[in-house]
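Swiss-Prot annotations:
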- 18-26, 36-43, 66-70, 124-127, 154-156: GTP binding site (BINDING)
- 40-48: motif 'Effector region' (MOTIF)
- 183-198: compositional bias 'Polar residues' (COMPBIAS)
- 183-205: region 'Disordered' (REGION)
- 204: S-geranylgeranyl cysteine (LIPID)
- 205: S-geranylgeranyl cysteine (LIPID)
């Protein structure tokens, strides 16, 4: 139980990035509000929603940011990435170009986000099976090469949407375990003066 803030144990900032039209806003609406609309209008600016979840007995507040159309103008700046704990890169399984552009989005992350930020690759619109052009295996192999989790989702019928955000939250929580975001309660791993770090242990950044 946190003494600093009774409402949550962790606060994670998540970003949704990817080409315009891949369904980022729809994923956000589905996860945060459990709603879906075909006619979601892209707004200019940055929008975010908050949802609190329970994970491993901890209360985690997710602050999820959506680019809200900025990617069309390539105006996403470093300030958008600053402080992000996790970034979800979204492509459209019916749009090969959006998948091809994942590499560019990952380069943006490398350029602007913190070095150890968690990443998740999401192929959205999996309900459009007859229009699908990006094979699951192809995307999975790519994600495996990068060492990041991968899921196919459908904001329309809610397939894997919950799982995508929960996967991301779990990945961040595992990484941040020792340094609880909103609580100074028990660090699970602590290196102190009685635990010398030898050179042959290898890096663990």
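Glycine residues also receive a Cβ, built from the backbone N, Cα and C atoms like all the rest.
Distribution of Swiss-Prot features across the structure.
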residue : record           : Cβ contacts under 8 Å, 6 or more apart
22      : GTP binding site : 90, 91, 92, 95, 98, 124, 125
126     : GTP binding site : 93, 132, 152, 153, 154, 159, 160
156     : GTP binding site : 26, 36, 125, 127
Where residue 26 (GTP binding site) falls in three-state DSSP terms: helix
Integer mean pLDDT for the motif 'Effector region' (40-48): 60
DSSP three-state assignment (helix, strand or coil) for residue 18 (GTP binding site): strand
All-chain count of other Cβ atoms within 10 Å of residue 26 (GTP binding site): 23
